[in-house]
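Q: I'd like to ask you about the structure that follows.
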């Protein structure tokens with residue numbers, strides 16, 4: 001663990017690893033992820049987090065708010081990269097923690113953890129500008145391919161990046177998805193990372209062009225069939241950091257404060273003492289005086 005401990009200390013300072021060391025780290029994490037099921041069982045206490053999007057200094061604020069790993073257990077519900085200034089450092093920070101404390105931190109796949117999306121929204125360009133080639137991005141994409149789809153807390157609370165799918169009736173259908181690879185353009189896997197809840201009864205077409213809008217009755221039926229008490233998801237900016245829907249049965253958690261350095265929103269994490277007993281913790285963006293803003297950002301970060 002000597003290498004990993006050194007990496008943890010280096011990356012805490014918002015430094016990225018040399019290319020050969022990133023390769024080694026990604027290979028270590030891939031070996032861990034290969035052992036994880038599509039729905040990873042997690043026990044309380046645990047803290048659930050939403051999108052981070054490369055906002056490294058705000059991720060550090062999240063850890064100050066919720067507690068450091070390994071003293072606090074975490075589930076991060078995807079979208080670690082793109083749009084923020086420090087996607088590489090942010091993802092590397094989470095990977096070092098996963099390598100060192102694999103049972104203390106769960107990393108779920110978001111819709112941004114794909115080759116296609118990261119080529120458009122900043123992560124590819126950032127890796128290329130920092131390493132001078134695409135190798136670092138390729139190593140990270142191999143990790144993306146293996147990130148688990150969902151987590152279930154105490155067999156009662158389902159955590160997933162986006163939402164539900166008309167092709168998924170039971171949790172066992174999620175367990176049988178072949179997740180090792182790019183997320184398809186349509187189908188169950190795609191829906192789980194792209195769908196959004198909407199104030200409606202059943203299913204609707206998503207304006208995102210991927211996934212679905214899913215309503216109250218759909219959610220209620222899915223939860224009854226699978227003996228769930230709550231669904232946690234991320235994927236949508238919430239100005240208050242957290243938003244409950246469907247009679248409190250579904251919650252959106254957003255963990256990137258002042259999203260894209262301009263939205264003015266607060267962020268939240270959801271701390272579960274037990275599956276029933278939980279506490280929302282709100283935090284603000286780190287002041288500009290306490291963060292380093294790159295002199296040149298070649299990729300538009302708000303698209």
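Cβ coordinates are placed from backbone N, Cα and C, and glycine is handled just like the others.
Not measured: the values here are computed from a predicted model.
Not my notes, these are from Swiss-Prot:
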ACT_SITE  112  active site, proton donor
BINDING   51, 53, 79  Mn(2+) 1 binding site
BINDING   79, 111, 161, 235  Mn(2+) 2 binding site
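If you look at the structure here, what lies around each of the features I listed?
A: Every protein chain considered, the tally of other Cβ atoms within 10 Å of the Cβ of residue 112 (active site, proton donor) stands at 28.
The DSSP secondary structure for residue 79 (Mn(2+) 1 binding site) is coil.
Counting every protein chain shown, 27 other Cβ atoms lie within 10 Å of the Cβ of residue 79 (Mn(2+) 1 binding site).
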Q: How many Å lie between the Cα of residue 235 (Mn(2+) 2 binding site) and the Cα of residue 51 (Mn(2+) 1 binding site)?
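A: Computed Cα spacing between residue 235 (Mn(2+) 2 binding site) and residue 51 (Mn(2+) 1 binding site) is 7 Å.
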Q: Of the binding-site residues listed here (51, 53, 79, 161), which is spatially closest to residue 112 (active site, proton donor) when Cα positions are compared?
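A: Closest candidate to residue 112 (active site, proton donor), judged by Cα separation, is 79.
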Q: Can you tell me the CA-to-CA distance separating residue 53 (Mn(2+) 1 binding site) and residue 161 (Mn(2+) 2 binding site), as a whole number of Å?
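A: It is 13 Å, counting Cα to Cα.
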Q: Please list, in sequence order, every residue of the chain apart from 51, 53, 79 whose Cβ lies within 8 Å of the Cβ centroid of the Mn(2+) 1 site.
A: 50, 52, 54, 78, 80, 81, 82, 83, 110, 112, 234, 255, 256
Q: Just to verify a number: CA distance, residue 51 (Mn(2+) 1 binding site) to residue 161 (Mn(2+) 2 binding site), in angstrom, no decimals.
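A: Taking the Cα atoms only, residue 51 (Mn(2+) 1 binding site) lies 9 Å from residue 161 (Mn(2+) 2 binding site).
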Q: Should residue 111 (Mn(2+) 2 binding site) be counted as helix, strand, or coil on the basis of DSSP?
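A: Going by the DSSP assignment, residue 111 (Mn(2+) 2 binding site) belongs to neither helix nor strand, so it counts as coil.
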